[in-house]
Number of protein chains: 2
Amino acid sequence: MDALKQTKFDDKNLIPAIVQDFKTGDILMFAWMNQESLALTIEKQQAVYYSRSRKKLWFKGEQSGHTQLIKEIFTDCDNDVILLRVDQVGGIACHTGRKSCFFQQLDKNNWKTVANVLKNPKDIYE
Amino acid sequence: MDALKQTKFDDKNLIPAIVQDFKTGDILMFAWMNQESLALTIEKQQAVYYSRSRKKLWFKGEQSGHTQLIKEIFTDCDNDVILLRVDQVGGIACHTGRKSCFFQQLDKNNWKTVANVLKNPKDIYE
């Protein structure tokens, strides 16, 4: 695929992926992709990442059901970052049960939690 | 600063930073920060990154005037990604003269340029 050939992966063969809610513009999460996960994401039109901790493909939502349906895919001026604009199934992207992983806001000198848990993680990952 | 102590930098002492227009929600760019650049960003309320290619602090907008005024700073559930919500001075974040660095959209198998150059880079970097 031509687009994949033009995409630049780093020295670990990974590329950063920013994930944005296509309806609200909210940043939902940040993850990494290898070439295979990007190819699968394009093919399935559903987000597939590479888990650096588990060292394997991460089919987002496989356990939780919180899959991310691809609406648009962008890359940046250097072809070394991916932006996925997605429809977040279940409205929850974060493993904590919140909509977005970015729920801690800087308040003076501390990170303050500013978003509610929508679903108990115990009920998500049974 | 407590917030900095809780922030996790990677094996290169860097943390990814997503930069979002606080008014429109558009993703403007993606960059890296070291501890010093994050501390300066918080102190000055203006974006300062770390340039991996030039191996030094990158005071965004120093040459171009396209500084980024901080409106909100978030971190994610793992404290290892930063989200800056900014007021983009001049309305141009990208060195190509476009509003956003994410101006290439996947169209079938190719990256297609979907945003116009607002200002000739030659006129930005005189």
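Using N, Cα and C of the backbone, Cβ positions are placed for all residues, glycine too.
Source: prediction; values computed, not measured.
If you look up Swiss-Prot, you'll see A:ASP76, A:ASP78, A:ASP80 marked as Mg(2+) binding site, on the strength of sequence analysis. According to its DSSP assignment, A:ASP80 (Mg(2+) binding site) is coil.
The Zn(2+) binding site feature in Swiss-Prot is assigned to A:CYS77, A:CYS94, A:CYS101; the stated evidence is sequence analysis. DSSP classifies A:CYS101 (Zn(2+) binding site) as coil under the three-state reduction.
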Name, in the order they occur in the sequence, the residues of the same chain whose CB lies under 8 A from the CB of A:ASP76 (Mg(2+) binding site) and which sit 6 or more residues away.
A:LEU83
In sequence order, which residues at least six apart in the same chain have a CB under 8 Å from the CB of A:CYS94 (Zn(2+) binding site)?
A:LEU28, A:MET29, A:SER100, A:CYS101, A:PHE103
Just going by other Cβ atoms within 10 Å, which of the binding-site residues A:CYS77, A:CYS101 has the emptiest spot?
A:CYS77
Which one of these binding-site residues has the most other Cβ atoms within 10 Å of its own Cβ: A:ASP78, A:ASP80?
A:ASP80
